[in-house]
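Asker: Please see the structure below; I have some questions.
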């Protein structure tokens with residue numbers, strides 16, 4: 001008798017941005033080895049990155065990105081983990097799981113290793129319930145259901161576009177919080193998956209994240225960050241705000257909670273503060289912008305939503321700083337590059 005095939009083995013790519021050898025994959029081997037990896041090498045393209053043997057992978061460095069995208073490569077960030085979104089674009093699979101190279105396998109309270117990928121797949125393959133909150137959390141989990149008073153007309157839920165996982169050990173804090181609480185560690189394992197309600201934004205972290213490329217892929221652009229840009233560490237946040245508004249508009253869901261990974265090392269808070277400094281001020285305008293953004297009924301695809309959003313970014317956020325004009329242009333370039341590499345399937 002043959003062992004059961006891992007779930008979605010031929011329908012999912014694992015995308016990893018890195019500047020270093022990928023020794024961390026050894027710990028993930030039991031869970032990742034059956035899947036195809038897309039490694040996006042940031043920084044110096046002449047450096048050789050070592051990948052443990054036995055993994056099926058393709059690796060892209062900056063030279064490859066320039067060759068594949070030509071002048072449109074300008075929309076892919078350099079010297080920032082935002083470069084990972086190039087992997088989303090070149091993937092040919094329906095699902096993506098992305099993880100950082102300082103994230104290890106976590107243990108649940110019983111001491112069992114957590115297969116984060118398997119939990120993300122469960123989250124993505126079950127509906128979300130953004131239109132009405134279920135007080136027993138995810139009604140599709142074993143041992144739970146819709147509670148009394150939950151409208152039967154809404155119990156089908158909506159397709160899940162994004163599964164947002166969390167982290168034990170080093171929490172994903174901004175620089176001011178890191179500086180105030182340098183020794184704080186997250187040891188609380190909360191055994192819960194929630195659908196983020198419609199109309200509510202959230203801070204999306206890209207280090208333990210999965211999504212349905214067919215449903216939301218073109219909106220998973222991690223912006224212009226890092227080298228030559230006035231801001232960093234807002235790449236996943238930007239993508240999260242864009243995706244949430246588009247998911248709400250198109251009737252899609254986003255889940256957060258399980259799975260946990262073990263985040264092993266804290267980044268330097270002083271370096272982070274330099275990267276985040278402008279974003280900390282700008283987000284006070286960016287958040288209300290997204291909260292008030294209403295997409296027109298002509299926006300029936302993710303691409304149409306994203307292009308309309310880019311125009312709003314230019315018009316409303318361009319007043320804050322010229323960076324947002326540049327970002328709005330890059331959003332359009334990203335969609336052009338996405339469509340070129342992913343021609344629409346004939347219906």
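Cβ from N, Cα, C; glycine included.
For 148, 155, the entry in TrEMBL reads site 'Required for activity'. Residues or ranges marked as N-linked glycosylation site in TrEMBL: 148.
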Asker: Whole-number Å distance between the CA of residue 155 (site 'Required for activity') and the CA of residue 148 (site 'Required for activity')?
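Answerer: Computed Cα spacing between residue 155 (site 'Required for activity') and residue 148 (site 'Required for activity') is 12 Å.
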Asker: Taking the Cβ of each of the recorded sites and counting other Cβ atoms inside 10 Å, which one has the highest number: 148, 155?
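Answerer: Within the set of recorded sites, the most crowded position is 155.
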